[in-house]
């Protein structure tokens, strides 16, 4: 299937589909809601699917088709940027379409910087697993399996984040949200295990109860989103609440240990918490993408790479300290 060549329309205001015609001309009103709900844009997007061949059509490049771009989605994408370019030429603000900023794609990726920084986080967890946890923490240490799963779940979470930012479909969005939820909840789970030493044999019963509680919370979370309603506000609130519990525990743990023992590396968790909170604040600065590709959300993903790198090093130092005290690691 071919799409009309956008180059043949680049001098005009209309979108590059014969069905768009002048109905996709940039709107005169400059409010964000008008553009999002504009019948000019929405009707044009819905009618973009070509029904007959045209001598002006050209096939979509292979790399776009491999990422499931179609003629309607191609027309939608091009229309967004024609409108955006026209608005900028009039000194009007950039607005959102379908609830998202208009990004310039790269090799078919819708949000290239978010993809890049998600892969950066994936690398941080992969490096933490293979170059720190597995290499530097003895298999005899009871917390090691929890740290291994921390890295694996983190890698899965950021992999699905990269997939979602590559192409935004309902299934990729769900995988991203469910993996992120699992990562956040597991973060609280293993934090409680480490801080209160539930890994010890003497606390096996408490550990089982805590494990069952967290599994139940995750199943309820997924069940609510799938069975009751896909609620963005609830999802954000649930993740923030769980994250706050984890952050408070690590901050308390690191401050208490530093005050008691005075070793600088013991405050790393508290510093990591402050770093992550500062990075999260970028989400509040929902600005239009700089250069059409770098927005607050992608910067938030960039800001979480460093804390992951530091934290895996802390886990190694902490493990060495525990084993040394227990007499299982030579000084």
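Placement of Cβ uses the backbone N, Cα and C atoms for every residue, glycine included.
As annotated in TrEMBL, transmembrane segment covers the listed stretch 146-165 rather than the other ranges in 106-125, 126-145, 146-165.
Looking at 51-71, 72-92, 177-197, 198-218, the range tied to transmembrane segment in TrEMBL is 177-197. TrEMBL assigns the feature transmembrane segment to one of the listed ranges (240-258, 297-315), namely 297-315. Non-local neighbours of the transmembrane segment (146-165) in the same chain are 109-111, 114-115, 118-119, 121-122, 124-126, 128-129, 133-134, 137, 172-173, 175-176, 179-180, 182-183, 186-187, 190, 193-194, 199, 301, 308, 312, 315, 319; each lies 6+ residues outside the stretch with a CB under 8 Å from one of its CB atoms. Listed by sequence, the residues of this chain that lie at least six past the ends of the transmembrane segment (265-285) yet keep a Cβ under 8 A from its Cβ atoms are 247, 250-251, 253-255, 257-258, 296-297, 299-300, 302-304, 306-307, 310-311, 313-314, 317.
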